[in-house]
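Enquirer: Structure incoming, see below.
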């Protein structure tokens, strides 16, 4: 494996190139400041806001729930500090995966610049989607979402969350916020930035919406479903870069993508359109976190439906482009045998090809001309 030679001239401190080359180390130092702040009593109160989850409530043990009391969490303005800290952690993890995994594979495969950037994007996203799917599935199983689907809308508002649930949403927001500085760190092309901003903005809009409107149960199920389909796409693209004949993963992804959009719409309509619409408490109450009113329900369903329609439109365009490229690349060349007839006209037609196309017999070889002259 070739070792990259480090340039003798180091860029000036705090210059553009210096920040790009050492951004992971700089961010690590900033994160370390918050962790060191926990060690001193004067700064511990401020540092703990960034590092640990805030707004916990301890519920006493009941007769149904034996033995121990439980700690639940709700959201507040201090969550922004926690999201900021874990955004720094996401930048560090991103750099570790890039340097110790993706860069090593890139040096072995010798990708072009276009494939290099797409491979890095799929490598980072496939790792994140896989981790989020496993984590989200664990929460779904531990909190009995699979055995009792009515928990999606029953006992709304779901303003109290378990530690795993709140930490999951904090991590999701932190990851997608970290994608903004990564556009600068990864030297994203100007023409690709608008597409990336729309992509990141849609994730933040829906995750933050589910978190703030106390629809965290529905949001978790939809995220796990969506992330699984996206993971399959990006892992298939990684295999495609190593072997361009690989198409099985894309075929499976195409089927699951459509099914995922249908399941998303069904679960959303079932939860918001029927479950919450039949709930007894339908009054807007900010203090209790109750947003179960007609206007909010319509806005939630409209945003989900518009997003799914936008994704289907992008999917159809993507599939049409792939099929068009595949058909032009593998278009069969039909060869017709020239009809041998007497006279000069048939010989002239053979030289010019059949039906305007040049064939393998389009011109006599020197050997044939010699035989004819003899």
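For all residues, glycine too, the Cβ spot is worked out from N, Cα and C.
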Enquirer: For the set 56, 120, say which residue Swiss-Prot annotates with N-linked glycosylation site.
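Expert: That would be 56, per the N-linked glycosylation site annotation in Swiss-Prot.
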Enquirer: Using Swiss-Prot as the source, do residue 243 and residue 296 end up on the same side of the membrane?
Expert: no
Enquirer: Among 122-142, 332-352, find the range that Swiss-Prot records as transmembrane segment.
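Expert: When 122-142, 332-352 are checked in Swiss-Prot, transmembrane segment belongs to 122-142.
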Enquirer: Which range, 193-213, 277-297, does Swiss-Prot list as transmembrane segment?
Expert: 193-213
Enquirer: What is the three-state DSSP composition of the topological domain 'Cytoplasmic' (239-251), stated as helix, strand and coil residue counts?
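Expert: Final tally across the stretch: 8 helix, 0 strand, 5 coil.
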Enquirer: What does the DSSP secondary structure composition of the topological domain 'Lumenal' (143-159) look like, as residue counts for helix, strand and coil?
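Expert: Tallied per class, the topological domain 'Lumenal' (143-159) gives 4 helix, 0 strand, 13 coil.
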